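These features come from Swiss-Prot:
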- Lys5: N6,N6,N6-trimethyllysine (MOD_RES)
- Asn114, Thr164, Lys168, Arg286, His318, Ser370: substrate binding site (BINDING)
- Lys166: active site, proton acceptor (ACT_SITE)
- Lys192, Asp194, Glu195: Mg(2+) binding site (BINDING)
- His285: active site, proton acceptor (ACT_SITE)
- Lys325: site 'Transition state stabilizer' (SITE)
Amino acid sequence: SVGFKAGVKDYKLTYYTPEYETKPTDILAAFRVTPQPGVPPEEAGAAVAAESSTGTWTTVWTDGLTSLDRYKGRCYHIEPVAGEESQFIAYVAYPLDLFEEGSVTNMFTSIVGNVFGFKALRALRLEDLRIPPAYTKTFQGPPHGIQVERDKLNKYGRPLLGCTIKPKLGLSAKNYGRAVYECLRGGLDFTKDDENVNSQPFMRWRDRFLFCAEAIFKSQAETGEIKGHYLNATAGTCEEMMKRAIFARELGVPIVMHDYLTGGFTANTSLAQYCRDNGLLLHIHRAMHAVIDRQKNHGMHFRVLAKALRMSGGDHIHAGTVVGKLEGEREITLGFVDLLRDDFVEKDRSRGIYFTQDWVSLPGVLPVASGGIHVWHMPALTEIFGDDSVLQFGGGTLGHPWGNAPGAVANRVALEACVQARNEGRDLAREGNEIIRAASKWSPELAAACEVWKEIKFEFPAMDTL
C-alpha cells in the first residue's frame, strides 16, 4: 500500500493553527477574506495560508521530502469584520525562510501572487503586513531618508513645497523648462515631472533634463536656496531607466523620480540603490495604486504598498491629501503616513494599523500631499502632515491668474504664515482661514490666489473607511 493518501483534503487540517504563537521573525499578514457561500471561515483562512506558502490542492508525495512544519504559512487567528456580513480578517504567519532576502518582488509574489484568484473566495484583500526586523535588515530602504534630505537641501522646520508642471503632456522642452524656472524662482523647493511624462515625441527626455537643469541652476543663483525638479527616469526598460538616472547625476541635479508600481519593484530597488550610491534623492509616484487599493473588499490596502516602498527605496512618496480631489480618509491616511516616517508604530486598529511595526534604523520616507489642493488648504495640510512632508500644488500654483512665479509666491507666503502661526501656538484647524486672510493683506500674490480658489471644493464621501 502507498505511504500517503492522495485526493483533495481540507486545508484547515494542516494550515489552521489557532494555538500557534507567532515568532518575532515571522512575516505576519492580515487578510480581509470574503468566502464563497458555504465555505467556513477557518477553511477560507487556511486556504489563503496554504496557497500563499507551501500548499497545493492535493497531497503530493514530495511533501514527504520537506518539513511542512518548518515552512508552511499558518492561519493563526480569525475574526469577523464588524458591520460586514460574511467578511473575516484572517491573520497568517509566514516563516521568514519562505522569502528571498532584499526582494520586495519575491515577497509579493509569495504573499499575493496566486491566492487572489482562488475559487473558494469571493474576494480577498491584504490589509496589512508586519515586516520583522530580521527581514527589513536585508533591504537598503530609502536612498537617503528625511534627515539626510533636509541636510542636503538645508531646509528645516517646515514642510517642503512642490508643484507638478501642467499641462502634463504637450509642452516642448524649452517651454517646460521655463515653467519650472518660474515656479522655483517664486519660492517653491521642487517642481515635478508628471508621472506620465517619460520620453514622448513632443519632448524627449534628454532635452527635458537639460532645460530643467538650466532652470534649477538659474533659480538657485537668484534665490540663494537649493532647488530641485523631479526628473522622471521611468522608462520602458531598466537599462533605459538607469541611463536617464546616470544623465541626471552627470548634470548635477539633486533628485530624480520613478513610478514604482508601473515601473515595478525590481526596477525601483535597482534605481534606489543607484541613487544612494550617487547622492541622488528619489521621488516616488504611485501611479496605478488605485487599481490595486481602491476596492474595499479586494486587492491590497495602500499601507501595504507604502511599507513595500519603504523597503524597496524612495525618499518621497505620494500619500493622498485628506483634503483635496483624491481619496484619503484622515485617520487611515495618517496611519500609513506614520508607517512611512516613523521608526516604530504601535498597532492601532482605529487607524487601520493591524500590527506593531518596528523599522529599526530603516530611513523614513517623506509623504507627499498632492491633488486638488490650493492656498486655502494650507493650514489644514500643515496641521495634518506636520513638518516632515512635501505639499504639492500643481493647478494650485500654475492656475494663479498672474502666472507661475506669483502662484509660487502665494503658496510660499501661505506656508510660512501657517508655520509661524503654529509655532506661536495658534490653532490652525480653527483659525486657518483667518491666518491666510491676514497674510494676504501684505501679499498681493496670495490675495489674488485666495480670490480665485475661495469657492472650490471636492466633496465626495471617502471609499476608504475602516
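The backbone N, Cα and C atoms fix where each Cβ goes, glycine too.
Mapped onto this structure are the features recorded in Swiss-Prot.
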{"residue": "Asn114", "record": "substrate binding site", "Cβ contacts under 8 Å, 6 or more apart": "Glu51, Ser52"}
{"residue": "Lys166", "record": "active site, proton acceptor", "Cβ contacts under 8 Å, 6 or more apart": "Asp194, Gly394, Gly395, Leu398"}
{"residue": "Lys168", "record": "substrate binding site", "Cβ contacts under 8 Å, 6 or more apart": "Asp194, Asn196, Val197"}
{"residue": "Lys192", "record": "Mg(2+) binding site", "Cβ contacts under 8 Å, 6 or more apart": "Gly162, Cys163, Thr164, Ile165, His229, Tyr230, Met257, His283, Gln392, Gly394"}
{"residue": "Glu195", "record": "Mg(2+) binding site", "Cβ contacts under 8 Å, 6 or more apart": "Asn232, Thr234, Asp259, Thr262, His285, Ala287"}
{"residue": "Arg286", "record": "substrate binding site", "Cβ contacts under 8 Å, 6 or more apart": "Asp259, Tyr260, Leu261, Phe302, Leu305, Leu309, Ile317, His318"}
List, in sequence order, the residues of the same chain other than Lys192, Asp194, Glu195 whose Cβ lies within 8 Å of the centroid of the Cβ atoms of the recorded Mg(2+) site. Thr164, Ile165, Lys168, Asp193, Asn196, Val197, Tyr230, Asn232, Met257, His285
CB neighbours within 10 A of Asp194 (Mg(2+) binding site), counting all protein chains shown, number 18
Would you measure the largest Cα separation among Asn114, Thr164, Lys168, Arg286, His318, Ser370 for the substrate site and round it to whole Å? 37
Using a 10 Å radius around each Cβ and all protein chains in view, which of these recorded positions has the most neighbours: His285, His318? His285
How many other Cβ atoms sit within 10 Å of the Cβ of Thr164 (substrate binding site)? 24
Number of other Cβ atoms within 10 Å of the Cβ of Ser370 (substrate binding site) across all protein chains: 25
